[in-house]
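Participant: Dropping a structure here in C-alpha cells format, bear with me for questions.
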Amino acid sequence: MWRVLFLLSGLGGLWMDSNFDSLPVQITVPEKIRSIIKEEIESQVSYKIVIEGKPYTANLMQKNFLSHNFRVYSYNGTGIMKPLDQDFQNFCHYQGYIEGYPKSVAMVSTCTGLRGLLQFENVSYGIEPLESSVGFEHVIYQVKHKKADVSLYNEKDIESRDLSFKLQSIEPQKDFAKYIEMHVVVEKQLYNHMGSGTTVVTQKIFQLIGLTNAIFVSLNITVILSSLELWIDENKIATTGDAKELLHTFLRWKRSYLVLRPHDVAFLLVYREKSNYVGATFQGKMCDANYAGGVLLHPRTISLESLAVILAQLLSLSMGIPYDDINQCQCSAAVCIMNPEAIHFSGVKIFSNCSIEDFAHFISKQKSQCLHNQPRLDPFFKQQAVCGNAKLEAGEECDCGTQQNCFLLGAKCCDTATCRFKAGSNCAEGPCCENCLFMSQERVCRPSFDECDLPEYCNGTSASCPENHFIQTGHPCGPNQWVCIDGVCMNGDKQCMDTFGGEAEFGPTECYSYLNSKTDVSGNCGIGDSGYTQCEADNLQCGKLICKYAGEFLLQIPRATIIYANISGHLCVAVEFASDHEDSHKMWIKDGTSCGSNKVCKNQRCVSSSYLGYDCTTDKCNHRGVCNNKKHCHCSASYLPPDCSVQSDTSPGGSIDSGNFPLVAVPARLPERRHMENVYHSKPMRWPLFLFIPFFIIFCVLIAIMVKVHFQRKKWRTEDYSTDEQPESESEPKG
C-alpha cells in the first residue's frame, strides 16, 4: 500500500517571518581541543563552540555514509548521462553529541570548516563557516519555531554525574548493524532552489543524509548514499501532479533506467512552492526492486532539518514502520520521529517503543534481506582513477579490469596498461559499439516497447544510445479510444488483461454505472479515512476497474476477492486486494484512461484532458509524423525532420532527438519564415540596419567631397577675379 505523508497543520517555514521569530546570528570561533587519528584520518575529534556566550563541547566520531564507488551524475547536452569530475571527500563527516547533555545529537561536516546541526532535547542550532572570514569564524543560529518557547538547558538540568570526556563511549555497536543503500535524484527546480551549482547542491544532499543518519542511530541503521543524480537542464519525467501519481511515474522510470545502478531504494527529491503533501512511498517494500522507492516533496517553507525528518519517516514507512499512535507509543525525546507533527519541532527526535518493535518485526522477515548487506565504505580524499579496477573513472576511456579479466571477457578494444582505446578503436562497450567501432546511424539501439514509445538509433559518433523518447503525452492511441501517458498507451483493455487475464476486456458503460455507484467493496471511487468514497455521476468510469469477462472458469487471484455481476447480459468482474498487497493499485482505473470525449481519469475523477498539456497539431508534422515528449516531430519512414516536409526514400523516419539525424537537420528546401521563427525563436529582423550603415558612411563621404569641391571652385573664381583687376590697378600713373 502506498503511503502519502501529509502536513497535518499549516506549513511553517524556518525562515518565514510570519511563522517564525527573527533569530539573531552569532559569530563563534570553534576550537579543536582533542582528536584521535587512525590511518591518517581524524576518526574522532572534539570542538569547543561558544553559543550565546557559553562554551559547549561537541564530541564527534567520523561517520562515513558514501559508498566506495560513489558518483555524482548529470547529463550532457545530448542527453547522455556522465559522472561529474568533482573533488569531494568522504572522511570529513562526523556524528556525536554535546558533552554533558545526554539527549543531544551533533551532525557536523569538517570538509570546509564546520557545517551542520547541533541538536539539544528541544532546540537546534545550525553552524556554518563565515564566508570571506580571515580567521576560523563561523555563524551559528538557532532554528526555532515561533510557537515553541525553548532554550538551551540550564546548569540545573544537567545530570549530576562524571562528565569526563571519553571518546570511545560514542563508538556504535557493530552487531546487527543494518545498511540502506540509496540513490537520490534531485530534479531541476530543487537543484535551482538549492543553489544551482553541483558542488553546493551535493554538499546539501550530504547534509541531508548526515541528518537522516543521526535519526537512525537508535535503530543501528546507516543510510549509505550510493550515487547522486542531478537533473540540471531538464527533468527526465514530468514532476507535476500529486504525490501518488508522481510516485508511480518515478518508479516506472526507475525500473527502466536504474537497473544497473546499485541501490536498495531510490528517492526523487522535488521542489514545490507549496504543497499539502511532502512525500509518498510503498509501505514495507524497502527490498522489493519494483517498489523500493519514494518521492520527497520539498515545500519552500521547509528547512533542511525538517526535510531530514520527512526522509526518515519515508524510509521508516518503507520498512513497515507506521505512524505512532501518540496515546500508546512513547519515547524519551520531546517528540518521537514517527509522530506526524515531528517536522514542526526542533531538537532531538528518536524512535518510539512502537517503532522499535515494528522494525524488529520487519528485519526478522525475509523481505528485509537488502538491509543485511554491508557495502564497502573505504575513505577517499579524491576520486582517483585506478586503471584495472573494472570501473570507468574520470580520465579513462575504458577499463575492463585486469589483463586476465579482459582476456576472459573477450575485451579487445581496451589497452589494459593505460585504460585507453587501442589504435583504430573508438569504443570498447555500449549498445552502439561493435568490433571497437561506433555503429552507423541507421542501427536501432532501443526499439519501441509500446505503441506510444519511439525507437532510438545510434548516432554514429557515440557508443551510448540516446535518451529514451516517446510520443507526447495526450496523443491518441489504440482504436482512437485511449491516450498515451509517458510512453504507454493507457489502454483499458490492457488494464483488464493485466489484472484478470487474456479473456477480459474493458467493461461496458452499464457495468461501471451499476457497480461503481454502490460505494462498497464491489465498486467505489477510492478509500478514504471514513471508508469507501462515493463516485459522482461524472466519475463512474474512473473508480474501481470493472471488466467484462468471457472465460469459462472462475478467476483465481491469490489474496484477492473477486466480485462477479451479471449486468445486461455481461459478466462484469472487479477485484479487491488487501491494502498491503503489491498489486493493490490494479484495483483502480489508471490515471490518463479515457472517460469521455476529451476527458481522462485523474485521481478517480473524470477531468478535462487539457491538463495533459497536449498541443501537437497534425499540421505541425505535415500529417507525416507525431510529436515526441520534447515536442519535436518524429517523422514516419521516408520523411525527414524537423517538420517531415521533405521526402527521402532511404530515411527510416525519426526526429532530431532519435540519434539517426543531426541535431539540426538541413532540409532540401528552406521552410517558411513563419516556421523558422517558431522553431528557432529568431529575433526581429535587424539586417537592414547593417546594410544602411555602409551606405550612410559613403553618403557622408560624398557630401564631404561635394562641399570641398564647392569651396574649392569658389576659391578659384575669387582668385581669377583678383587676377583680372590687379593689372588695371597697377597701370595707373604714380605721383
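Using the three backbone atoms N, Cα and C, a Cβ is placed for every residue, glycine included.
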Participant: Between Cys329, Cys331, Cys336, Cys370, which residue forms the disulfide that Swiss-Prot gives for Cys354?
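Facilitator: Its disulfide partner, as Swiss-Prot records it, is Cys329.
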Participant: What does Swiss-Prot give as the disulfide partner of Cys627, choosing from Cys606, Cys616, Cys644?
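Facilitator: Of the listed candidates, Swiss-Prot names Cys616 as the partner.
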Participant: According to Swiss-Prot, which candidate among Cys331, Cys336, Cys370 shares a disulfide with Cys287?
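Facilitator: Going by Swiss-Prot, Cys287 is disulfide-bonded to Cys370.
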Participant: Which of the recorded positions Asn76, Cys445, Cys635 has its Cα nearest to the Cα of Cys336 (disulfide bond)?
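Facilitator: Closest candidate to Cys336 (disulfide bond), judged by Cα separation, is Asn76.
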Participant: Applying a 10 Å Cβ distance cut-off over all chains shown, what neighbour count does Asn566 (N-linked glycosylation site) have?
Facilitator: 9
Participant: Please name which of the recorded positions listed here, Asn220, Cys331, Cys445, Cys633, Cys635, is nearest in space to Asn353 (N-linked glycosylation site), Cα against Cα.
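Facilitator: With Cα distances computed to Asn353 (N-linked glycosylation site), the winner among Asn220, Cys331, Cys445, Cys633, Cys635 is Cys331.
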Participant: Between Asn459 (N-linked glycosylation site) and Cys465 (disulfide bond), what C-alpha distance do you get in Å?
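Facilitator: Rounded to a whole number, the Cα-Cα distance is 8 Å.
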Participant: If you compare CA-to-CA distances from Cys331 (disulfide bond) to each of the disulfide-bonded residues Cys354, Cys633, Cys635, which comes out shortest?
Facilitator: Cys354
Participant: Report the same-chain neighbours of Cys633 (disulfide bond): residues 6+ apart in sequence with Cβ closer than 8 Å to its Cβ, ordered by sequence.
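Facilitator: Lys620, Cys621, Gly625, Val626, Cys627, Pro641, Pro642, Asp643, Cys644, Ser655 - these are the non-local Cβ neighbours of Cys633 (disulfide bond), listed in sequence order.
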Participant: Give the residue counts of the domain 'Disintegrin' (384-473) per reduced DSSP state, in the order helix, strand, coil.
Facilitator: 7 helix, 16 strand, 67 coil
Participant: Select the closest residue to Cys354 (disulfide bond) from the following recorded positions, measuring between CA atoms: Asn76, Asn220, Cys370, Cys445.
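Facilitator: Smallest Cα separation from Cys354 (disulfide bond) among Asn76, Asn220, Cys370, Cys445: Asn220.
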Participant: Of all the recorded positions given, namely Asn76, Asn220, Cys370, Cys635, which is spatially nearest to Cys465 (disulfide bond) at the Cα level?
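Facilitator: So, of the listed recorded positions, the one sitting closest to Cys465 (disulfide bond) is Asn76.
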